[in-house]
Amino acid sequence: MSHLLTMSELSEQEISEILKDAEDFANGKERKTTEQTFVANLFFENSTRTRFSFEVAEKRLGLEVLDFSADASSVQKGETLYDTIRTLESIGTKAVVIRHEQDRYFDELKDQVNIPILNAGDGCGNHPTQCLLDLLTIKQEFGRFEGLKIAIVGDVRHSRVARSNAEALTKLGATIYFASPEEWKDEENTFGTYKSLDELVPEVDVMMLLRVQHERHDHYETDIMKEYHEQHGLTVEREKRMKEGSIIMHPAPVNRDVEIASELVECERSRIFKQMENGVYVRMAVLKRALPNVLGGMKHELFV
(Lines of atoms letter the chains of each structure in order from A and count residues from 1; the text may use other names and numbers.)
(Lines give C-alpha, C1' and ligand atoms only; values in the text may rest on other atoms or scores of the structure.)
Protein backbone atom coordinates (compact mmCIF):
# COMPACT_ATOMS: atom_id res chain seq x y z
CA MET A 1 0.00 0.00 0.00
CA SER A 2 1.43 3.39 -1.02
CA HIS A 3 1.12 5.62 2.02
CA LEU A 4 2.98 8.94 1.72
CA LEU A 5 3.90 9.91 5.28
CA THR A 6 7.44 11.32 5.28
CA MET A 7 10.21 11.99 2.78
CA SER A 8 12.40 9.48 4.63
CA GLU A 9 10.44 6.58 3.21
CA LEU A 10 11.03 7.59 -0.42
CA SER A 11 14.08 6.41 -2.35
CA GLU A 12 15.73 8.61 -4.97
CA GLN A 13 14.03 6.47 -7.62
CA GLU A 14 10.60 6.98 -6.06
CA ILE A 15 11.15 10.73 -5.79
CA SER A 16 12.25 10.74 -9.42
CA GLU A 17 9.12 8.87 -10.54
CA ILE A 18 6.78 11.19 -8.64
CA LEU A 19 8.45 14.29 -10.08
CA LYS A 20 8.40 12.84 -13.60
CA ASP A 21 4.68 12.18 -13.29
CA ALA A 22 4.20 15.71 -11.95
CA GLU A 23 6.13 17.13 -14.92
CA ASP A 24 3.94 15.11 -17.28
CA PHE A 25 0.82 16.52 -15.61
CA ALA A 26 2.30 20.04 -15.84
CA ASN A 27 2.82 19.47 -19.57
CA GLY A 28 -0.82 18.52 -20.06
CA LYS A 29 -0.51 14.73 -20.02
CA GLU A 30 -3.49 14.20 -17.76
CA ARG A 31 -5.40 10.99 -17.30
CA LYS A 32 -8.86 10.89 -15.81
CA THR A 33 -10.51 7.85 -14.30
CA THR A 34 -13.98 6.91 -15.46
CA GLU A 35 -14.41 4.60 -12.47
CA GLN A 36 -16.22 6.21 -9.53
CA THR A 37 -13.55 6.52 -6.82
CA PHE A 38 -13.95 8.34 -3.50
CA VAL A 39 -11.14 10.18 -1.69
CA ALA A 40 -11.58 12.01 1.64
CA ASN A 41 -9.72 15.13 2.74
CA LEU A 42 -9.42 15.32 6.53
CA PHE A 43 -8.00 18.66 7.64
CA PHE A 44 -7.76 19.18 11.39
CA GLU A 45 -5.67 22.35 10.93
CA ASN A 46 -6.42 25.38 8.77
CA SER A 47 -5.14 25.26 5.22
CA THR A 48 -5.64 27.09 1.94
CA ARG A 49 -2.96 25.95 -0.54
CA THR A 50 -2.61 22.31 0.51
CA ARG A 51 -6.31 21.68 0.97
CA PHE A 52 -7.51 23.29 -2.23
CA SER A 53 -4.65 22.08 -4.41
CA PHE A 54 -5.36 18.51 -3.27
CA GLU A 55 -9.02 19.06 -4.14
CA VAL A 56 -8.16 20.48 -7.57
CA ALA A 57 -5.76 17.57 -8.16
CA GLU A 58 -8.42 15.04 -7.18
CA LYS A 59 -11.06 16.56 -9.43
CA ARG A 60 -8.69 16.84 -12.38
CA LEU A 61 -8.05 13.11 -12.01
CA GLY A 62 -11.79 12.41 -12.02
CA LEU A 63 -11.95 11.42 -8.35
CA GLU A 64 -14.98 12.05 -6.14
CA VAL A 65 -13.98 14.27 -3.20
CA LEU A 66 -15.48 13.82 0.26
CA ASP A 67 -14.94 17.11 2.09
CA PHE A 68 -14.55 16.45 5.80
CA SER A 69 -15.23 19.01 8.53
CA ALA A 70 -13.91 18.07 11.97
CA ASP A 71 -16.38 20.46 13.60
CA ALA A 72 -19.33 18.71 11.97
CA SER A 73 -18.08 15.14 12.42
CA SER A 74 -18.19 12.53 15.16
CA VAL A 75 -14.68 13.64 16.17
CA GLN A 76 -16.56 16.20 18.26
CA LYS A 77 -18.23 13.27 20.05
CA GLY A 78 -14.89 11.68 20.89
CA GLU A 79 -14.41 9.41 17.87
CA THR A 80 -10.76 8.50 17.32
CA LEU A 81 -8.90 9.22 14.10
CA TYR A 82 -8.54 5.48 13.57
CA ASP A 83 -12.30 4.93 13.84
CA THR A 84 -12.93 7.85 11.49
CA ILE A 85 -10.63 6.38 8.84
CA ARG A 86 -12.06 2.89 9.26
CA THR A 87 -15.54 4.35 8.84
CA LEU A 88 -14.53 6.04 5.59
CA GLU A 89 -12.85 2.85 4.44
CA SER A 90 -15.98 0.83 5.23
CA ILE A 91 -18.23 3.05 3.12
CA GLY A 92 -15.96 2.81 0.09
CA THR A 93 -13.34 5.57 0.35
CA LYS A 94 -10.13 4.51 -1.42
CA ALA A 95 -7.63 6.99 0.10
CA VAL A 96 -7.47 9.69 2.77
CA VAL A 97 -5.54 12.96 2.80
CA ILE A 98 -4.86 14.09 6.38
CA ARG A 99 -3.50 17.23 8.00
CA HIS A 100 -3.26 16.97 11.78
CA GLU A 101 -1.80 19.02 14.61
CA GLN A 102 -0.19 15.96 16.22
CA ASP A 103 3.37 15.10 15.18
CA ARG A 104 3.47 11.69 13.49
CA TYR A 105 -0.24 11.04 13.99
CA PHE A 106 0.12 8.33 11.36
CA ASP A 107 2.36 6.03 13.42
CA GLU A 108 -0.63 4.41 15.11
CA LEU A 109 -2.60 4.16 11.87
CA LYS A 110 -0.32 3.10 9.03
CA ASP A 111 -0.32 -0.62 9.82
CA GLN A 112 -3.95 -0.79 10.90
CA VAL A 113 -5.87 0.69 7.98
CA ASN A 114 -6.31 -0.75 4.50
CA ILE A 115 -6.35 2.42 2.42
CA PRO A 116 -3.47 4.80 1.62
CA ILE A 117 -2.82 7.77 3.91
CA LEU A 118 -1.39 10.88 2.24
CA ASN A 119 0.14 13.13 4.88
CA ALA A 120 -0.77 16.78 4.22
CA GLY A 121 1.24 17.94 7.25
CA ASP A 122 1.68 16.65 10.79
CA GLY A 123 2.28 19.22 13.53
CA CYS A 124 5.90 20.40 13.40
CA GLY A 125 6.94 17.09 11.84
CA ASN A 126 6.62 16.43 8.11
CA HIS A 127 5.11 17.89 4.95
CA PRO A 128 6.05 15.56 2.09
CA THR A 129 3.88 17.04 -0.67
CA GLN A 130 5.20 20.54 0.06
CA CYS A 131 8.70 19.13 -0.19
CA LEU A 132 7.93 17.43 -3.49
CA LEU A 133 6.48 20.58 -5.03
CA ASP A 134 9.56 22.47 -3.88
CA LEU A 135 11.77 19.82 -5.49
CA LEU A 136 9.79 20.13 -8.72
CA THR A 137 10.21 23.91 -8.69
CA ILE A 138 13.98 23.62 -8.14
CA LYS A 139 14.28 20.92 -10.82
CA GLN A 140 12.43 23.09 -13.34
CA GLU A 141 14.77 25.99 -12.59
CA PHE A 142 18.18 24.29 -12.46
CA GLY A 143 17.66 20.87 -14.02
CA ARG A 144 19.49 19.22 -11.13
CA PHE A 145 19.94 19.07 -7.36
CA GLU A 146 23.55 17.93 -7.15
CA GLY A 147 25.86 20.77 -6.16
CA LEU A 148 23.18 23.36 -5.43
CA LYS A 149 23.49 25.51 -2.33
CA ILE A 150 20.18 26.09 -0.57
CA ALA A 151 19.44 28.33 2.41
CA ILE A 152 16.44 27.54 4.61
CA VAL A 153 15.74 30.69 6.57
CA GLY A 154 13.59 31.61 9.55
CA ASP A 155 11.48 29.60 11.97
CA VAL A 156 13.39 26.34 11.54
CA ARG A 157 12.43 24.77 14.86
CA HIS A 158 8.68 24.85 14.21
CA SER A 159 8.81 24.09 10.48
CA ARG A 160 7.79 20.74 9.00
CA VAL A 161 8.89 22.18 5.64
CA ALA A 162 12.44 22.66 6.92
CA ARG A 163 12.64 19.07 8.13
CA SER A 164 11.26 17.46 4.99
CA ASN A 165 13.18 19.66 2.55
CA ALA A 166 16.55 19.51 4.28
CA GLU A 167 16.47 15.72 4.40
CA ALA A 168 15.31 15.22 0.81
CA LEU A 169 17.61 17.82 -0.74
CA THR A 170 20.61 16.40 1.10
CA LYS A 171 19.70 12.94 -0.22
CA LEU A 172 19.62 14.37 -3.74
CA GLY A 173 23.05 16.00 -3.48
CA ALA A 174 22.36 19.62 -2.50
CA THR A 175 24.15 21.43 0.33
CA ILE A 176 21.82 22.84 2.98
CA TYR A 177 22.36 25.88 5.18
CA PHE A 178 20.11 27.24 7.89
CA ALA A 179 19.73 30.82 9.10
CA SER A 180 17.52 31.43 12.11
CA PRO A 181 17.11 33.39 15.32
CA GLU A 182 18.94 31.53 18.08
CA GLU A 183 15.65 30.67 19.78
CA TRP A 184 14.25 29.02 16.64
CA LYS A 185 17.18 26.78 15.75
CA ASP A 186 16.43 23.07 15.50
CA GLU A 187 19.36 21.10 16.87
CA GLU A 188 17.65 17.83 15.93
CA ASN A 189 17.76 18.71 12.23
CA THR A 190 21.26 17.59 11.29
CA PHE A 191 20.92 17.98 7.53
CA GLY A 192 22.35 21.50 7.36
CA THR A 193 24.86 23.97 8.76
CA TYR A 194 23.90 27.23 10.47
CA LYS A 195 25.31 30.48 9.08
CA SER A 196 24.29 34.11 9.25
CA LEU A 197 21.73 35.24 6.68
CA ASP A 198 23.99 38.00 5.37
CA GLU A 199 26.77 35.48 4.80
CA LEU A 200 24.43 33.21 2.83
CA VAL A 201 22.73 35.84 0.65
CA PRO A 202 25.46 36.07 -2.06
CA GLU A 203 26.36 32.36 -1.91
CA VAL A 204 23.20 30.31 -2.36
CA ASP A 205 21.23 29.27 -5.43
CA VAL A 206 17.92 29.04 -3.56
CA MET A 207 16.74 31.29 -0.75
CA MET A 208 13.94 29.30 0.89
CA LEU A 209 12.10 31.43 3.44
CA LEU A 210 9.89 29.95 6.16
CA ARG A 211 6.70 31.36 7.61
CA VAL A 212 6.96 32.61 11.17
CA GLN A 213 4.54 30.26 12.93
CA HIS A 214 3.00 32.50 15.56
CA GLU A 215 0.49 29.82 16.56
CA ARG A 216 3.28 27.50 17.75
CA HIS A 217 5.26 30.08 19.73
CA ASP A 218 5.51 30.68 23.44
CA HIS A 219 4.64 34.18 24.59
CA TYR A 220 8.25 35.08 25.39
CA GLU A 221 9.20 34.59 21.75
CA THR A 222 7.15 37.60 20.63
CA ASP A 223 10.16 39.82 21.36
CA ILE A 224 11.90 38.27 18.35
CA MET A 225 9.28 39.81 16.08
CA LYS A 226 10.07 43.43 16.92
CA GLU A 227 12.99 43.60 14.49
CA TYR A 228 12.52 40.31 12.65
CA HIS A 229 12.38 41.68 9.11
CA GLU A 230 15.55 43.74 9.41
CA GLN A 231 17.53 41.06 11.23
CA HIS A 232 16.22 37.80 9.76
CA GLY A 233 14.04 38.62 6.74
CA LEU A 234 14.77 39.04 3.04
CA THR A 235 14.86 42.81 2.67
CA VAL A 236 15.13 44.66 -0.63
CA GLU A 237 18.76 45.43 0.21
CA ARG A 238 19.58 41.75 0.77
CA GLU A 239 17.85 40.71 -2.46
CA LYS A 240 20.13 43.08 -4.39
CA ARG A 241 23.14 41.10 -3.13
CA MET A 242 21.78 37.71 -4.16
CA LYS A 243 23.71 35.56 -6.60
CA GLU A 244 22.89 35.94 -10.30
CA GLY A 245 20.36 33.31 -11.32
CA SER A 246 19.33 32.52 -7.76
CA ILE A 247 15.67 32.21 -6.81
CA ILE A 248 13.39 32.96 -3.86
CA MET A 249 10.97 30.38 -2.48
CA HIS A 250 8.43 30.37 0.36
CA PRO A 251 5.88 27.66 1.28
CA ALA A 252 3.26 30.33 2.12
CA PRO A 253 1.17 31.81 3.56
CA VAL A 254 3.55 34.75 3.42
CA ASN A 255 3.78 37.31 6.19
CA ARG A 256 4.65 40.30 4.00
CA ASP A 257 7.35 42.58 5.39
CA VAL A 258 8.20 39.92 7.97
CA GLU A 259 9.90 36.99 6.21
CA ILE A 260 10.15 38.89 2.93
CA ALA A 261 9.69 42.47 1.75
CA SER A 262 6.25 42.83 0.18
CA GLU A 263 7.67 44.09 -3.12
CA LEU A 264 9.79 40.93 -3.48
CA VAL A 265 6.90 38.45 -3.26
CA GLU A 266 6.35 38.68 -7.03
CA CYS A 267 9.76 39.95 -8.12
CA GLU A 268 11.73 38.39 -10.99
CA ARG A 269 13.54 35.98 -8.66
CA SER A 270 10.42 34.84 -6.85
CA ARG A 271 8.98 31.40 -7.55
CA ILE A 272 6.41 31.58 -4.74
CA PHE A 273 3.31 31.40 -6.95
CA LYS A 274 5.02 28.89 -9.24
CA GLN A 275 5.36 26.64 -6.18
CA MET A 276 1.62 26.89 -5.65
CA GLU A 277 0.94 25.96 -9.28
CA ASN A 278 3.29 22.99 -8.99
CA GLY A 279 1.43 21.85 -5.89
CA VAL A 280 -1.48 20.68 -8.03
CA TYR A 281 0.75 18.62 -10.34
CA VAL A 282 2.68 17.02 -7.48
CA ARG A 283 -0.51 16.10 -5.66
CA MET A 284 -1.91 14.58 -8.84
CA ALA A 285 1.26 12.50 -9.01
CA VAL A 286 1.07 11.26 -5.41
CA LEU A 287 -2.61 10.39 -5.86
CA LYS A 288 -1.66 8.40 -8.96
CA ARG A 289 0.97 6.58 -6.89
CA ALA A 290 -1.54 5.87 -4.12
CA LEU A 291 -4.22 4.56 -6.48
CA PRO A 292 -2.39 2.59 -9.20
CA ASN A 293 -5.35 0.29 -9.83
CA VAL A 294 -7.53 3.30 -10.58
CA LEU A 295 -5.13 5.73 -12.21
CA GLY A 296 -2.53 3.36 -13.66
CA GLY A 297 1.22 3.24 -13.09
CA MET A 298 4.22 4.23 -15.17
CA LYS A 299 7.95 3.76 -14.66
CA HIS A 300 10.44 6.50 -15.45
CA GLU A 301 14.20 6.72 -15.70
CA LEU A 302 16.09 8.31 -12.81
CA PHE A 303 16.91 11.93 -13.63
CA VAL A 304 18.72 13.09 -10.47
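Glycine residues also receive a Cβ, built from the backbone N, Cα and C atoms like all the rest.
DSSP gives Gln130 (carbamoyl phosphate binding site) a helix state. Residues or ranges marked as carbamoyl phosphate binding site in Swiss-Prot (evidence: sequence analysis): Arg49, Thr50, Arg99, His127, Gln130, Ala252, Pro253.
Cβ environment of Arg211 (L-aspartate binding site): Gly154, Asp155, Ser159, His250, Pro251, Ala252, Pro253, Val254, Asn255, Glu259 lie under 8 Å away, each six or more residues apart in the same chain. Taken from Swiss-Prot, the feature L-aspartate binding site covers Lys77, Arg160, Arg211.
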Set of same-chain residues at least 6 away whose C-beta sits under 8 angstroms from Arg49 (carbamoyl phosphate binding site): Ala252, Pro253, Met276, Gly279
Binding-site residues compared (Thr50, His127, Gln130, Arg160, Pro253) - the one with the fewest other Cβ atoms within 10 Å: Pro253
Between Gln130 (carbamoyl phosphate binding site) and Arg160 (L-aspartate binding site), the C-alpha gap once rounded to whole angstrom: 9
Arg160 (L-aspartate binding site) in three-state DSSP notation: helix
Pairwise Cα distance maximum in Å, carbamoyl phosphate-binding residues per record: Arg49, Thr50, Arg99, His127, Gln130, Ala252, Pro253: 16
Spatial neighbours of Arg99 (carbamoyl phosphate binding site) that are distant in sequence (at least 6 apart) but have CB under 8 A: Leu42, Phe43, Phe44, Glu45, Ser47, Thr50, Arg51, Asn119, Ala120, Gly121, Asp122
